[in-house]
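*Asks:* I have a structure I would like to understand better, so I am pasting it below and will then ask my questions one at a time.
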């Protein structure tokens, strides 16, 4: 009876050890990071994601693209996000001031330029921002109150003293990619987008580039959302965005690296 009891104890200990070995390691646990980013970053971030995943296979990136103003509102209202990559300083700074962005992890990462685009195969005679006041068709730009590119566009036309004429023919879009789509499909005669957006499309051409003194600096700040539950992984991606690999990709798509 004594030997039977010892045998049973040994079997239990053996099974317990096997179960311990079969438990998955925490190092293999998958982590999802939600990146709330300006629509103009779509192409660059998708390529950066591939490179980042090679170094951090346990981290999955879920991109939430939109206008910086709308994304700011989402984060302020508690929407899930681990990093915020804005196309303008104002909405970003508002989240820093409200305590939604961790001040220890913020960076002015890249810069962009504003351009006026027209359909590539169209017959538009537009050659400058000044010419927009004379068009008979429509011009598309992001909603100035929530889309930074629209805000910058309004600044340009205001400085040229033609905003009152331009806004009569304006078609407002939710983000720069919608503006790009309107021009590509020739639903409008022209549109204001970032240079990087124009460069990724084969259906539009740049009619004019805005001088930097015509609008506020187009700076893209990035930072970690203070409420993130994955700070280690968020820091890893935040740092990767400043790496030589990411810098090369940003430049490839036409961004200027700060």
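Quick reminder: no glycine exception, Cβ is built from N, Cα and C everywhere.
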*Asks:* Looking at molybdate binding as recorded in TrEMBL, which candidate out of 40, 98, 123, 124 goes with 68, 149, 176, 194?
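*Replies:* Between 40, 98, 123, 124, TrEMBL records just one in the molybdate site with 68, 149, 176, 194, namely 40.
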*Asks:* Consider each pair of residues in 40, 68, 149, 176, 194, all listed by the record as binding molybdate, and report the largest Cα separation in Å as a whole number.
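*Replies:* It comes out at 14 Å between the most distant Cα atoms.
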